[in-house]
Amino acid sequence: MYELNNFRSIKIALASPEKIRQWSKGEVKKPETINYRTLKPEKEGLFCEKIFGPTRDWECHCGKYKRVRYKGVVCDRCGVEVTKSKVRRERMGHIELAAPVSHIWYFKGIPSRMGLLLDMSPRSLEKVLYFAAYIVINPGETPLTEKQILTEKEYADAIEKYGPKFKAGMGAEAVKGLLESIDLDAMNIELRHKLKESTGQKRIRTVRRLEVVEAFRKSKNNPAWMILDVVPVIPPDLRPMVQLDGGRFATSDLNDLYRRVINRNNRLKRLLDLGAPDIIVRNEKRMLQEAVDALIDNGRRGKPVTGPGNRPLKSLSDMLKGKQGRFRQNLLGKRVDYSGRSVIVVGPELKFYQCGLPKQMALELFKPFVMKKLVQENYAHNIKSAKRMVEKVKPEVWGVLEEVISQHPVLLNRAPTLHRLGIQAFEPILVEGKAIKLHPLVCTAYNADFDGDQMAVHVPLSVEAQAESRFLMLSINNILAPKDGEPITTPTQDMVLGCYYLTIQDEGVLGEGTIFKDFEELLLAYETKAVSLHAKVKVRMKLSAEDSGKLVESTVGRFIFNEKIPQDLGFVDRSKDLYALEVDFLCTKGALGKVIGKCFRKHGNTITSIMLDYIKELGFKYSTRGAITVAVSDMDVPEAKAELISQAEQRVDKYEKAFRRGLISDEERYEKVIETWTETTEKVTDALMAGLDRFNNIFIMADSGARGSKNQIRQLGGMRGLMANASGHTVEIPIKSNFREGLTVLEYFTSTHGARKGLADTALRTADSGYLTRRLVDVSQDVIIRELDCGTETGIVAKAFKDGNEVIEELYFRIVGRHSIDDIIHPETKKVIVPKGDIIFEDAAETITEAGIEKVAIRSALACRSKHGVCGTCYGRNLATGEPVKVGEAVGIIAAQSIGEPGTQLTMRTFHTGGVAGSDITQGLPRVEELFEARKPKGLAIISEISGKVDISESKRKREVTVTDENQEVVTYTIPYGSRVKVKQGQILEPGDEITEGSVNPHDILRIKGVEGVQTYIIKEVQRVYRLQGVDINDKHIEVISRQMLSRIKVEEAGDTELLPGSLENVFAFELANQKAIEEGGEPATGNIALLGITKASLATDSFLSAASFQETTRVLTEAAIKGKEDHLIGLKENVIIGKLIPAGTGMKRYKNIAISTETDEKLDEIEETL
């Protein structure tokens, strides 16, 4: 086998007839497959052993030669070479066609490549190819023109009139003649000349033709190769035929399609030999053309060829495209050996880096390792007996398994793997039963619960894989979430509840005010029930044995909680107080997150993981001790409720009357009613919350962040309030009851609308979110950190994102973990807070915001000058580790996952604004999609093109806003009916400012404000959607994606470069072409940055493998083949497809020459053979 890692690129081009014959091992002449009696392949048929190789290893067809010793011998009786049967997966055959046929991809694709080259409309071309009309090949001295289309009658007339003076033909043969006579160089010069003169539609067509001509010129493809004289036959094992139980056969559709081609081809040969009448031959040629079309791409033209049950047959193109096609099913998603799956159960006794693996599963997964060990330890004499021991599960096996398994990490994965934390490594511990045990703290990352979820286990086999699992993927190394750098292993539910209960402080309880000499005495007093867990006591705290110490006051629970928590996390200023407890506050979920975050930054992951296990144990222990439960009596309905509701009802009646008298419109009445009930619900809730005891169990659950929220308490003990109906419109009749009192039938019915919509939305959202993630991954998969610093001096100016007075994202979050471009100087003290080029750490970012600095220039992926990917300095800190990012980190994929993973949490709703036209502003997931696809948004806002002063004029007919700039230039905007004007009379506007409410078209911003303006807009708008849902995502992820959306230039004028007008070029390729033109003293090309949506950007990538495996497979491959594209295997996807190591992380070139030394494992290879 050739070394996979040896080639640098992969090229695709048109195959010439000679090339197809060269690939082939023989011609397939008969449509037969296998003999129905002997079940052996027929000679010269579709499964012929002479052409494709033997069906059995080392055995010829007739049985004269059997065994390995005849390797390479060609049998003199049956002509089959004695070799391995797997050659049937690689040997190809061919069919010599009696008449040429066209390749449907090049004739039928959009735009039709054949049509553009011949300058014919696809319709006329189709008539010629399918024998409905004649085409003039050589007009001779007649008044006919070349490529003129003649009907049957016109042709007959012309023959009568001119006789043999001209030449016309039909079918692929005629087209082939025309294609052969094309002079590409002359055509290129002619088209470029035309381009300078033409405008409008003509120019567009000329550019398209020029593109195809250039593609053929540069790729050295011959246009005539778009017509096939020979059809290749793919290897038989890729279109298998298998016998089913009932003696029937199941076969691949391709065999049917090939059979049709062979039958029609043979019939045509026979007719030609017989010299049949022209009309019959023509019909047969047409049928052959249709058969080849169906084989290549069934259903592309006309009705698809169907099999039994009217099912369209799967052609070669169908084998490649879609989710079940070759690319996505087999090349990008392979099934792997050494894996298993089982149900998960919780394992609270596990350490943070451990998982419980069922014994039987472990034995099966580690079978070869166990067998090797059994032979080594002399339990078995050879591999075969070791295998028998394992299969019979002898008692010695378990001891050996324990040894093998220790120090050998396994990978656990839960589908759907939405981000990289969906696969983590653990050290396995053998457990009884058949369920995998999972540590409770990693559930958040996996989004796992124990209601029947299943997980898959994978065994990393090689030493390299084990090293990577241990040092990069072990759960301890995944404490922070890559999307925002916050801890993702925060305790949840019971653990939070226990910690909250433990750290509550109560007045006047048993043992309050007692003084203890040390912590042990306190613990003894608590265990003997002499002091309450919540009592405030004093304990003498010492830093060492010699230290006299100091009395510290806190609750018993907080002393217990602090026992194993590092006391230098920064909650207490240790310069002022050495002895106070570090965590001397009520521990809610958020507070615990802060503790973990500070511990990680201060002490790293090892100490943090020990602390996490301690918090977990405490939490479970004290939530059990606290015995916090839910009872009906915990929900007290506030007494003020009845009074508040009756007041609201009176107000609603008042509005009804006013409406009936015609004092207010129905719209106003509706809005006032909704407002009244919303206020009332709030008041009832406030009354309820004020009346709840701090020790009320339901309040404890909600307040601690363990489960439930204020909104749910309202529904239990207050009133449910207003509900939405299926269209998302609020129903004006509220639900006055709560769940404690029970709902009336009508109320229950009202609430079902919104509830069902919620469920339907969730199902749709999951699919949409998954598709968005897929597109994001595809557009950014080749963004890898390729160098430490690209050396650029530019970046972006970060300031807080605001919407009016409301802050969407504070400056702190935008600058932390980034490199500064200039020295950042304190405005008052004039000290340098952060020197030029340094990372802005948390404390520096806090100092900057406290100093009142509003703008900070930072390095950004948006301004990075790395040719492929981005550089480490522009990217900044790796959020998952808190360290500067390393070369080789696949930041593009991380960005896509970070944006896509919370996608399911976003809502689907479109937001109804009041007003008649009610312009719907899209929100939630559809809004994110709209932004990344750079679509024209719904509810479009009008924006100002110039800067200047506003003048608003209203007449009966229309409203107008006029903007006048300093040079007295005036632009007038007509405001459509129902739009809300955002600006005020006399206001000064900047270019790009909104005049009416709504969303702005990003293409307008690009035109008016330029690239930086549109980048800022995309980041701000995406952040707005996510922050509204309470999801924090770091800006740099959105920057990586928007960098990809703006990485192309649309060429306007080509100048003296080789670029084509209207083509999309890579920014760096464009600069290079211009540089070359200027050096040669020519005119450079002009162009503008194009804003592409993520789907378009993915398909515009330089790698044809990546684009083909994404969408529109046939279109991408057609174009790539004509251009003779070469894929330089820069991104991850291309390398996965061809089976190379990905060029990220340890797969980068710089790590190629590192060898890993280990004990030799030749034994294992031998075991593999046995298995």
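Using N, Cα and C of the backbone, Cβ positions are placed for all residues, glycine too.
If you check Swiss-Prot, you get these features:
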| type | residues | note |
| --- | --- | --- |
| BINDING | C60, C62, C75, C78 | Zn(2+) 1 binding site |
| REGION | 299-319 | region 'Disordered' |
| BINDING | D449, D451, D453 | Mg(2+) binding site |
| BINDING | C790, C864, C871, C874 | Zn(2+) 2 binding site |
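Where Swiss-Prot records a feature, it is marked here on the structure.
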| residue | record | DSSP class |
| --- | --- | --- |
| C60 | Zn(2+) 1 binding site | coil |
| C75 | Zn(2+) 1 binding site | coil |
| D449 | Mg(2+) binding site | coil |
| C790 | Zn(2+) 2 binding site | coil |
| C864 | Zn(2+) 2 binding site | coil |
| C871 | Zn(2+) 2 binding site | strand |
Practice item. Identify which of the binding-site residues D449, D451, D453 has its Cβ surrounded by the largest number of other Cβ atoms within 10 Å, counting every protein chain shown. Key: D453
Check your understanding: Can you tell which of C62, C78, C790, C874 has the most other C-beta atoms within 10 Å, given these are the binding-site residues?
Key -> C874
Exercise for review: To the nearest whole angstrom, state the Cα distance for the pair D449 (Mg(2+) binding site) and C871 (Zn(2+) 2 binding site).
Suggested key: 39
Review point. Residues with Cβ closer than 8 Å to the Cβ of C75 (Zn(2+) 1 binding site), same chain and 6+ apart in sequence?
Key: C60, H61, C62, K64, Y65, E81, V82
Point to revise | Residues within 8 Å of the C790, C864, C871, C874 Cβ centre (excluding the Zn(2+) 2 site residues themselves) | key: E787, D789, T792, R859, A861, A863, R865, S866, V870, G872, T873, Y875
Review point. Which one of these binding-site residues, C60, C864, C871, has the sparsest Cβ neighbourhood, judged by other Cβ atoms within 10 angstroms?
Key: C871
Check your understanding: Which one is it: of the binding-site residues C78, D451, D453, whose Cα lies the shortest distance from the Cα of C864 (Zn(2+) 2 binding site)?
Key -> D453
Practice item. For the region 'Disordered' (299-319), give the DSSP counts of helix residues, strand residues and coil residues. Key: 7 helix, 2 strand, 12 coil
Revision key, fill the gap. CA pair C874 (Zn(2+) 2 binding site) / D453 (Mg(2+) binding site), Å rounded to integer, equals 40
Check your understanding: Taking only the binding-site residues D451, D453, C790, C871, which one has a CA atom nearest to the CA atom of C78 (Zn(2+) 1 binding site)?
Key -> D453
Check your understanding: Within 8 Å of the Cβ centroid of the Mg(2+) site residues D449, D451, D453, which other residues of the same chain have their Cβ?
Key -> I344, A448, F450, G452
